[in-house]
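To start, the structure under review is shown below, and the notes come after it.
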């Protein structure tokens with residue numbers, strides 16, 4: 001019987017994955033869920049306490065707590081890694097810190113189980129902006145604006161990916177990077193259809209601009225069922241129907257990220273005199 005682990009089930013992505021698994025669970029599935037607040041999870045999903053299929057095991061703890069992670073990852077063949085920080089500020093490291101703790105925990109489990117250890121496949125939410133074969137489909141101005149505003153969040157994810165790749169080389173895990181476009185309609189339950197995009201070809205299939213969280217969650221679940229097709233690779237997810245677009249929310253994230261970049265610039269340049277700052281900023 002398979003065991004899945006879900007890290008971060010109260011955010012938009014984790015909630016979408018959980019809704020999909022509850023609606024159509026794989027046969028005989030055990031689902032370990034790691035959350036900071038069990039109360040918050042049950043408020044969103046009150047039926048979890050009586051759900052029979054899949055069998056639910058809720059672990060309350062921080063995503064960097066190796067004891068909680070060991071309970072969550074024990075016997076898991078697939079782990080959905082949805083822990084992230086929406087704030088793109090200098091020094092953000094939640095994703096990388098969580099992955100570091102995951103790798104440490106898997107090392108403990110391999111030492112505990114020895115030759116019986118089975119390396120799980122970690123499905124990591126990433127972004128099409130970090131996938132050259134998908135980002136090349138985006139107008140350069142849009143790509144540059146997004147990359148500027150989400151710079152620190154992207155750095156956090158890139159560092160996390162470096163940890164995955166080093167751990168995979170040691171046989172601790174396999175990974176799959178899940179690369180959506182802009183994601184909309186957080187916590188909306190309605191799916192309109194999705195398709196996976198293989199990034200093996202030199203030229204990928206077209207990725208639509210907007211994808212709903214509900215369809216992203218379904219994409220994650222499909223990738224888990226087809227993990228052998230995508231091991232240690234990125235895979236795109238695109239919409240096949242019309243997603244409910246919530247550009248105002250995304251604009252807010254970009255604006256906050258731009259403020260984070262400006263704040264970091266100001267902190268770095270503050271010791272200098274104002275005239276020097278102005279000259280450097282203008283390229284003089």
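Cβ from N, Cα, C; glycine included.
These features come from Swiss-Prot:
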- 1-23: signal peptide (SIGNAL)
- 62: N-linked glycosylation site (CARBOHYD)
- 86: N-linked glycosylation site (CARBOHYD)
- 190: N-linked glycosylation site (CARBOHYD)
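Around the Cβ of residue 190 (N-linked glycosylation site), a 10 Å sphere holds 11 further Cβ atoms from the protein chains shown. The Cβ of residue 62 (N-linked glycosylation site) lies under 8 Å from the Cβ of 36, 68, each on the same chain and at least six residues away in sequence.
Within its own chain, residue 86 (N-linked glycosylation site) has 153, 253 as residues 6 or more apart in sequence whose C-beta sits under 8 angstroms from its own.
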